Every structure is written in C-alpha cells, then in structure tokens.
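TrEMBL annotations:
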DOMAIN    16-279  domain 'Pyridoxamine kinase/Phosphomethylpyrimidine kinase'
DOMAIN    341-514  domain 'Thiamine phosphate synthase/TenI'
BINDING   357, 358, 359, 360, 361, 389, 428, 457  4-amino-2-methyl-5-(diphosphooxymethyl)pyrimidine binding site
BINDING   390, 409  Mg(2+) binding site
Ligand SMILES: Cc1ncc(COP(=O)(O)OP(=O)(O)O)c(N)n1
Ligand SMILES: Cc1nc(C(=O)O)sc1CCOP(=O)(O)O
Ligand SMILES: [Mg+2]
C-alpha cells in the first residue's frame, strides 16, 4: 500500500480521561478519516461516562510553547477548537488565530462551543461577552440548538417562536459575529424525535467555495438542512466533538463546506448505526463512546448513511414526478460528445452515437434558435439523443430529446414545465451535496465533474478526482434498485478514460478530447470516437 502525505489538522480542546469526547474523539476521528492530528490540550478533565468532576485548565504559556514548536514543523490547514477553559485562553486563541491568518491566509478554524457536558455539569462558565474575541475570528461554528440560542441571545429575540427557528438563530449569530458558516446540530434537541436535522447557514466564497471572480456570488449566502432518521443508540459520547473534527478533517482534504458537512454527517450516522444493535441489547442505558468507523465505507448500505438535503429547491419540487428516462433498454449510455456547432454535429452524428450535446455559448438568441431547429432535425435523422445545454425553453419549443442544466441555472429553470413537456433532463453536479440534491429531483441523468482539470471551463476548486467519482456512484440507491445513469465530465482524454470507465460510470462526456484530437493525439475526431468506444466496450 502506498502511503500518501496526510493533511494536518490541529485540535485545541480538552482531554476526556474516559476516552469518549474531547481530544480523544478528535484523534480517533482524524485518524479514521486519514488526516494527521496535532493536539493542544486546554484542560485536563476528570470525568467518566456518568459524571464530570473537574476541569483543570492548562496554562496559556504551555499552549503557546506547543503552538510555537509545531507551527513550522506541522502547520495545520484546519484548526478545530473545542473546550476553552477560561478568559486567558479565549484571548490567547483569538491572538493566535489572528497571527496565523496573516501567515496562512487559507487556514480554516472550526469552533465547536463546548459549554455543558452531556454527562451533566459545566465545562466553563464563560459568558458570551467573554467568548466574543474568539467568536469574531473563527470561520465555522458548530453549536447544538441550546448553544445556538445562547449565541443568538435568545432573550433579545422579538418573538418566542423565533427562539426555535434555526434560520433566525443562525442569521443572528452571523450578524453579530460575522462567522462564515454556522452549523446548528439537531442531534440532541429537536422537537421531531424521528429525525436528526442539522442546519447550515453559509456564506459562499469565504472558504474558497466558489470562484473569487464571480462577483455576483461574492456575498451570497445559502442555507439548507441535512435530514436523516434518528438512530436509537446510547453510544454517542463525543459525537458532537467527532462531528466538528470530521468537518475539520474533510475541509483539510479540500472539500467544499457543503460537501464536508454532508460527509461529516454521513460519518456520524455510520458510527451511530454501528452501535444500534449493541445499545438495544443492553439492559441498562450504558453511555458509550461514539464509534469512529473506517472510512470510506464500502458496501451496498453506504448510501443509507447520507442525509437528504432540504432546501428551497427540494421544497419547491417535492411533489414533482420523475423526469422521462433515456430509454436505454439495458444498454449503457457510453460516449457523450459535447460540441458547439452544426459543423461538429454533422461530422459526428454519422458515427452512430447514442447521445450528443449542443453547448453553444456565443450566439444571439435568434441565431441560436435557428441552430437548435436544425440540430433537432439532424439528430432525429440519426436517432441520436440530442441534449441542448442551458436553453430549456428552446429545447422544449423545438422538441429536443433533452436539456442539460447546470447548478447556476437550476433555480431559475421551470422544472415543472420541463417535466410536463416530456423532454429529458440532465443536471450538472460537482460533489456529493449537489449530487444528492439533484438525485432527489429524479432527472434523466446526472453529470459529475470536473473529474480532472480542464481547459474548456474554469472549474477551480471543483476537481473531483476518481475517488469522488466512486463516492458519488455509491450514493445511488442500493444495487438491484433502479439507478440513475451517471455521466463523468471534465479533462477526460483517451489515457484517463480507462480509469474512469473502471469506476463503473455509465457515460463519459468529452469536449476537447474529440474536437482537438488532431492537435493532442495526431488522430482524427472520428478515430478518437472509435478509440473511446473501444475503451468503453472493454471496460
Ligand atoms: C454532460 C455535461 N455535464 C456537465 C456540463 C456542464 O454544464 P453546466 O454546469 O451547465 O456548464 P456549461 O456547460 O453551461 O458551461 C455539461 N454541459 N454537460
Ligand atoms: C463543460 C464542462 N462542464 C464541466 C463540469 O464539471 O460541469 S467540466 C466541462 C469541460 C469539459 O471539457 P473537456 O472534455 O474539454 O475537459
Ligand atoms: Mg449550462
């Protein structure tokens, strides 16, 4: 087995001598998820699974010595903060993070506010005012509902109803402390006992989530809930710490905030699910340590640990029936050329493709309509499934086989009109969050990209690699059930196609590997199509 260098996270938190929570949970979680964990202990607590006896703070001098010694040796990409024992530690941490952000502008800090022990008792008596210097500098915060109410100063909220509204709480916290991402965990305290709903209010762009040059999105916020069945287990000691350190670990591996959140919740669900049988078999309610299971989980039950996404889009289209299928009759979709003109359409259609996409970016509305009319007629002659990129109204109007829609256009497109028209729908996704959300809409196919860096489109920060491709493929319903066809796109050429096909993906979409085959491989586009088809058939 080849050992790759691991991302490094630091956890600055308390030690739980019973091994369930705090530093122990952070180390077990980081190791399960493949990151290296440096740990700076803020307090040595005396506790077991039943009670907390004392919290013995470590001096800031010792903490500073540890930070100084580690910073050049093992610099972190993410710092996770848990128990902060006293005011001195708050000021020390705020100063440390401020200094680190100057020398490491991409450093992310995740603060899991630890006030009350789940076994009863208080870890610290810090007031909100005392915690403010730290709150003003962290990037991500992961309170539970009770902690969120304290952070949002619930007593100052106008109406009592607002006190339980996670969106109101998160906005208030964002307003007061300018924290980029606020995740309110629903694990312990939600009124609906059948579900564990975790809520995220998140400002785009701050954690390199979207491209910095996209001015429109610069200060856009998104909010959504991740919803999964509540799991009946008493093995949850340290679950909150493990969630925050999982988030830190996935962020350190370069995942976007929404994907890191989705994966962290799946990691927690996986651990809780593993202990349901042992918990049920016990006569007395033994409060066991959260179980960090190996990751990634292989096997057919993997998808069940991933939560459903609840947001405006999923709410709006909750009742929408599935989109028309690709009528593949058991065949795989295969090669999917994406081209930008009638010239390419005329050249490639005679090759007997099952699917092709017209992706035009530089024509006027009128020119475009004429091209689409001609393209639909041409594709019908050859019996090839023609998808029109972006222009769903024209695709419906002129009876194209389908339309392909990107994430940017999803909220503005009328999915009801597309579904009722009977034309097929393909949706772009870039990571497990978008994949799960789009899968809930039951489109005709899902695309995932960019698998590799590509010069055709700026996909900075959204390169998936083969591991993420495998991961999203496993998020479809279990084997034997109907599975949505998946198309891999982005930077795929003849050399890389072999590995892509080996993941089991149904289709490979390519632009330049065909249109620039002469320049890159000294072969004609027709030869490139034949070579791809051979790889797909063999795969
Ligand atoms: C098969 C396939 N996958 C992804 C895309 C990208 O679509 P989108 O996100 O809408 O970006 P643009 O292509 O419009 O730049 C695609 N076209 N086809
Ligand atoms: C148009 C497009 N969409 C992508 C996505 O990931 O959504 S990647 C991409 C570019 C594909 O071009 P090539 O095959 O030349 O790399
Ligand atoms: Mg598009």
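Just so you know, glycine gets a Cβ as well, placed from its N, Cα and C.
Nobody curates TrEMBL annotations by hand; they come from automatic prediction.
A map of TrEMBL features onto the structure.
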residue : record                                                         : Cβ within 10 Å
357     : 4-amino-2-methyl-5-(diphosphooxymethyl)pyrimidine binding site : 24
358     : 4-amino-2-methyl-5-(diphosphooxymethyl)pyrimidine binding site : 28
359     : 4-amino-2-methyl-5-(diphosphooxymethyl)pyrimidine binding site : 17
360     : 4-amino-2-methyl-5-(diphosphooxymethyl)pyrimidine binding site : 18
361     : 4-amino-2-methyl-5-(diphosphooxymethyl)pyrimidine binding site : 9
389     : 4-amino-2-methyl-5-(diphosphooxymethyl)pyrimidine binding site : 20
390     : Mg(2+) binding site                                            : 18
409     : Mg(2+) binding site                                            : 16
428     : 4-amino-2-methyl-5-(diphosphooxymethyl)pyrimidine binding site : 22
457     : 4-amino-2-methyl-5-(diphosphooxymethyl)pyrimidine binding site : 16
- Residues 357, 358, 359, 360, 361, 389, 428, 457 [recorded 4-amino-2-methyl-5-(diphosphooxymethyl)pyrimidine binders]: greatest CA to CA distance in Å: 16
- Just checking: which of 358, 359, 360, 361 have a Cα that is within 10 Å of the Cα of residue 409 (Mg(2+) binding site), counting only these binding-site residues? none
- Message: Distance check, please: Cα of residue 390 (Mg(2+) binding site) against Cα of residue 359 (4-amino-2-methyl-5-(diphosphooxymethyl)pyrimidine binding site), rounded to an integer number of angstrom.
- Response: 8
- Message: Quick test of your reading of the structure: among the binding-site residues 357, 361, 389, whose CB sits under 6 A from ligand 3?
- Response: 389
- Sequence-ordered binding-site residues from 357, 409, 428, 457 with Cβ under 6 Å of an atom of ligand 2: 428, 457
- For the binding-site residues 358, 360, 361, 390, which sit with their CB under 6 angstroms from an atom of ligand 1? 390
- Query: Can you check what DSSP calls residue 409 (Mg(2+) binding site), collapsed to helix, strand or coil?
  - Reply: helix
